[in-house]
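What follows is one structure encoded as structure tokens, with my remarks underneath.
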């Protein structure tokens, strides 16, 4: 996530308040993809990838940055109602940015290892916690297909219990909403914008085919870092 600082006026000297922690506002920018938009075809079309990345993800970032700036201004003004009102926009758009930033890394072209089963410690953990990789895929597909409305289905690591979990989140809620110790290893976007242009209303087909381009290598790297 690229960051740049927008410097603002310092609050009155000698007053140690939360305002002093907000003398600069961090803003976020659209992350580059490590592959071309068409590189995931036929599992995910280039048209969907371009629209999803350039339009949908960018919109979350733009709205997130705007909400953060408004929050900064409201805190400096002591405008508590506006501070409270902005929490929903920050959660939704910030979550959209967080989730999509993980999602792009969870994908890889087949020629670059997309779809290859996980090995090493993550592969062993999957067998221990779920019995097999196929069981994980079936459970995540079932959870994703059953999710009402928009949301995400996740394979996560519970760092405290040192075990893998499968969870769903609504709208753009990030996985951490389900627990502060949960780390996302793999997230699948089940919003219609992720598949409708190609799969229409047949979400199960999208969920079936996306595994052909899942980047298990990235998931394994996160797992090994968080659960050495």
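Just so it is clear, glycine is given a Cβ too, placed from its N, Cα and C backbone atoms.
Contacts of residue 193 (Mn(2+) binding site) defined by a Cβ separation under 8 A and a same-chain sequence distance of 6+ are given as 51, 52, 56, in order along the sequence. Residues or ranges marked as Mn(2+) binding site in Swiss-Prot: 52, 100, 189, 193.
According to Swiss-Prot, the feature transit peptide maps to 1-24.
Classification of residue 189 (Mn(2+) binding site) by DSSP places it within a strand. Sequence-distant contacts of residue 100 (Mn(2+) binding site), defined as residues of its own chain at least six apart whose C-beta falls under 8 angstroms from its C-beta, comprise 52, 53, 56, 57, 60, 189. Take the CB of residue 52 (Mn(2+) binding site) and look out to 10 A: across all protein chains shown you find 22 other CB atoms. Listed in chain order, the residues near the Mn(2+) site other than 52, 100, 189, 193 are 53, 56, 57, 103, 191, 194, each with its Cβ within 8 Å of the site Cβ centroid.
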